[in-house]
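Database features (Swiss-Prot):
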ACT_SITE  264  active site, nucleophile
ACT_SITE  354  active site
ACT_SITE  356  active site
BINDING   55, 236, 238, 265, 268, 306, 308, 309  L-glutamine binding site
DOMAIN    188-380  domain 'Glutamine amidotransferase type-1'
REGION    1-187  region 'CPSase'
């Protein structure tokens, strides 16, 4: 990715998909060229959390909401220390942000961090195209980086695909750090960082949990060195089929019957550890308004999603695994994709969506309490 941080408001830009479809607009954010997987997010709010979610590493995010940037950028809402998206696509960016917490405009923040974007294109048409044709490689070109369309298309087709990409270690912490419990400490949790969002350990800390966040390359010995009451596997980018290291660690956790909770990528890791396969969705689930049903209670939750892969597990039967019986606990009501797994003979469960609600609804916050209950039960 090559970028310039000079003003981009009137600089021409072109978005080129790997199937040859092009969209012309204006540069937004940094000027230059970038590549990634084109995906769309249906959230109308929460763009700052979306941009800083490590799960979006190497993806160009298309916002379906037409107006983006209205509330500017503040210093409180980022989910990590930097923007992770490879590129950003909006229809009509706010000219002047308005919010009491705003410190700068979204355009300024994108330029400051060197994120290439494009505005002024028909994002509705682009979203429909991705929905019908599937997520695909894309390039955004602006400024002096505007060669002829044939050259741009060739460059897009040379970019790496998301399938087969092993990305967790690229976004995870390199060193272990500790998020202290808020108030009295009740439990210790080892959290394997595969691309963890900042709000996730905070939600656990609110419940009296001291969270030791470990690198994606952590071994089972590293996990148990902190003497955990429970183990957590986070969200993250890339293809779960490549994550053999975390799968091996999770199998050791399951063998020891330590309380276990996984979110997003962690759900896919649990699926693999139990012997299920994973597969790439046509265009994925991304946004903060996805309906999921808890198959145990029948309750429907509106949830936040960001995943392009899913677990291939039977929906209507209990499966025998090396670690006991397992079943699908949650499904997406839009397409019946597996959104949660639970073991029936030991304290382990996971969900494909994001109960930490950053951004998004708080319907699934109870899952952190369920994790606490599993650790309480193990102590009893």
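Positions of Cβ are set from backbone N, Cα and C atoms, glycine also.
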Using C-alpha positions only, work out which of the recorded positions 55, 308, 354, 356 is nearest to the residue listed as 'active site, nucleophile'.
354
Around the recorded L-glutamine site (55, 236, 238, 265, 268, 306, 308, 309), other residues with Cβ within 8 Å of the Cβ centre, ordered by sequence, are 195, 235, 237, 240, 264, 307
Long-range Cβ list for residue 356 (active site), cut-off under 8 Å, min separation 6+ in sequence, same chain only, gives 197, 199, 200, 202, 203, 263, 365, 368
Tell me the coarse DSSP state (helix, strand, coil) of residue 309 (L-glutamine binding site).
strand
In Å, how large is the greatest distance between any two Cα atoms among 55, 236, 238, 265, 268, 306, 308, 309, the listed binders of L-glutamine?
13
Please give me the binding-site residues out of 55, 268, 306, 308, 309 that lie within 10 Å of residue 354 (active site), comparing Cα atoms only.
306
Counting across all protein chains, other CB atoms within 10 angstroms of the CB of residue 55 (L-glutamine binding site) number 28
One finds that other Cβ atoms within 10 Å of the Cβ of residue 236 (L-glutamine binding site) number exactly 31
